[in-house]
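Engineer: I have a structure I would like to understand better, so I am pasting it below and will then ask my questions one at a time.
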Amino acid sequence: MTAEETKAAESGAQSAPLRLEGVDISPKQDEGVLKVIKREGTGTETPMIGDRVFVHYTGWLLDGTKFDSSLDRKDRFSFDLGKGEVIKAWDIAVATMKVGEVCHITCKPEYAYGLAGSPPKIPPNATLVFEVELFEFKGEDLTEEEDGGIIRRIRTRGEGYAKPNEGALVEVALEGYFKDQVFDRRELRFEVGEGESMDLPCGLEKAIQRMEKGEHSIVYLKPRYAFGSAGKEKFQIPPNAELKYEIHLKSFEKAKESWEMSSEEKLEQSTIVKERGTVYFKEGKYKQAVLQYKKIVSWLEYESSFSDEDAEKAQALRLASHLNLAMCHLKLQAFSAAIENCNKALELDSNNEKGLFRRGEAHLAVNDFDLARADFQKVLQLYPSNKAAKAQLVVCQQRIRKQLEKEKKLYANMFERLAEEETKAKATVAAGDQPADAEMRDEPKNDVAGGQPQVEAEA
């Protein structure tokens with residue numbers, strides 16, 4: 001009998017009426033949730049709001065009737081703490097537990113299933129008793145890929161449901177830690193999306209966008225979402241360092257969403273944002289520049305209420321944004337994105353010099369030499385004085401020639417091997433080394449002077 005089977009058998013042994021006992025841990029101190037520790041846990045940490053917790057439990061009515069047990073199913077139960085996924089008593093009690101702890105929780109109806117109960121096993125207005133064992137807990141993964149790169153643990157819940165969006169003006173207090181040593185302690189006011197200019201890692205901004213006003217959280221960042229392979233000399237952070245931040249979102253003002261803006265506002269803001277993106281580009285902050293240019297595209301791409309004059313301005317801004325995005329992606333070696341933005345630019349202006357040239361550069365970078373050559377040739381056809389295109393076309397021709405020579409050599413070696421194998425096979429046959437069941441027939445004689453059959457000589 002396994003340990004869990006033994007525990008399951010013991011958990012079903014309750015039959016006598018249960019007593020109300022324990023320490024009152026309800027927020028209102030109304031004896032709605034009573035807790036008795038049956039076995040102490042280890043360490044000092046307890047789960048925080050939003051943590052994923054893993055438990056075993058057994059539940060009884062006050063008369064001793066067991067109504068549910070994860071032990072019977074031999075499957076640990078998990079839920080996100082403080083998110084309302086379980087009864088109130090559980091969110092309250094499990095938040096006080098340590099790993100390895102076993103406790104009994106007595107829950108009054110208002111902290112359990114209330115007047116309705118949970119038919120057919122739990123009657124209306126029922127007081128319940130649970131035995132709960134906590135096995136582990138872990139923070140909330142905020143990454144889209146769920147790769148564990150940004151983990152949040154909420155110390156203090158915020159208010160309301162609103163969260164900062166891209167471009168929101170936020171006010172925060174933060175502390176950054178590397179190996180338990182504080183390297184950054186500041187109070188800041190900035191726009192979401194411009195954190196890099198404030199020496200903040202991208203992962204922290206992503207976490208801020210998931211926070212509520214007044215929330216105080218701990219954020220753990222893997223290198224990819226921190227300062228990456230470059231590190232941060234200003235803070236003496238080495239390459240590929242994992243970081244921890246404690247952050248308090250004091251307040252924020254959401255930026256207007258695209259649908260909330262008039263066409264005039266979109267045009268005005270696009271001009272401002274374009275200048276900001278140019279500043280970031282000149283400073284070598286290409287990721288920040290990308291965010292700015294993407295805003296322009298999102299505001300203007302599907303806007304159809306411009307006057308004729310404003311429509312021309314909007315198209316010029318869109319064209320410039322796609323060209324600048326292509327340049328940023330080339331710098332970031334994101335060549336597919338560069339090609340995509342060049343294509344968008346060329347949809348707006350099919351003979352655009354920069355669009356053709358930058359697409360050629362991106363094709364060249366991914367060894368699509370024929371496509372690159374076609375782009376550079378078109379640039380020279382339209383703009384014969386473009387010296388950079390002439391130089392890149394020469395590079396293309398050299399790469400294509402080198403590739404052809406490599407392929408020629410590869411195929412030559414292949415045919416040479418095949419010829420050698422064929423010669424060996426014929427030599428074997430000539431020596432009489434044939435299968436016993438080989439059909440015997442007259443073969444045409446080779447000319448001694450020629451040394452090889454006519455067919456092979458032609459080959």
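Keep in mind that glycine also has a Cβ here, set from the backbone N, Cα and C atoms.
According to Swiss-Prot:
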- 50-138: domain 'PPIase FKBP-type 1' (DOMAIN)
- 167-253: domain 'PPIase FKBP-type 2' (DOMAIN)
- MET1: N-acetylmethionine (MOD_RES)
- THR2: N-acetylthreonine (MOD_RES)
- THR143: phosphothreonine (MOD_RES)
- TYR220: phosphotyrosine (MOD_RES)
- LYS282: N6-acetyllysine (MOD_RES)
- ARG373: omega-N-methylarginine (MOD_RES)
- 270-303: repeat 'TPR 1' (REPEAT)
- 319-352: repeat 'TPR 2' (REPEAT)
Engineer: Provide the number of Cβ atoms within 10 Å of the Cβ of TYR220 (phosphotyrosine), excluding the reference atom itself.
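Structural biologist: For TYR220 (phosphotyrosine), the 10 Å Cβ neighbour count is 20.
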Engineer: Expressed to the nearest Å, what is the distance separating LYS282 (N6-acetyllysine) and the residue listed as 'phosphothreonine' at their Cα atoms?
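Structural biologist: About 30 Å separates the two Cα atoms.
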Engineer: When you measure from the Cβ of THR143 (phosphothreonine), which residues in the chain that are at least 6 apart have a Cβ under 8 Å away?
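Structural biologist: Spatial neighbours, sequence-distant, of THR143 (phosphothreonine): GLY149, ILE150, LYS206, TYR225.
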Engineer: What are the DSSP helix, strand and coil residue counts for the domain 'PPIase FKBP-type 2' (167-253)?
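Structural biologist: Output for the domain 'PPIase FKBP-type 2' (167-253) reads 20 helix, 41 strand, 26 coil.
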Engineer: Distance between the residue listed as 'omega-N-methylarginine' and TYR220 (phosphotyrosine) at the Cα atoms, whole Å?
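Structural biologist: Between the alpha carbons of the residue listed as 'omega-N-methylarginine' and TYR220 (phosphotyrosine) there are 47 Å.
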Engineer: For the repeat 'TPR 2' (319-352), what does DSSP give as the number of helix, strand and coil residues?
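Structural biologist: The breakdown for the repeat 'TPR 2' (319-352) reads 27 helix, 0 strand, 7 coil.
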Engineer: Among the modified residues listed here, LYS282, ARG373, whose Cβ has the fewest other Cβ atoms inside 10 Å?
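Structural biologist: Output over modified residues LYS282, ARG373: least Cβ neighbours within 10 Å is LYS282.
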Engineer: Using DSSP, what is the helix/strand/coil residue split across the repeat 'TPR 1' (270-303)?
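Structural biologist: Going by DSSP assignments, the repeat 'TPR 1' (270-303) contains 28 helix, 0 strand, 6 coil.
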Engineer: Using DSSP, tally how many residues of the domain 'PPIase FKBP-type 1' (50-138) sit in helix, strand and coil.
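Structural biologist: Grouping H, G, I as helix and E, B as strand yields 14 helix, 37 strand, 38 coil.
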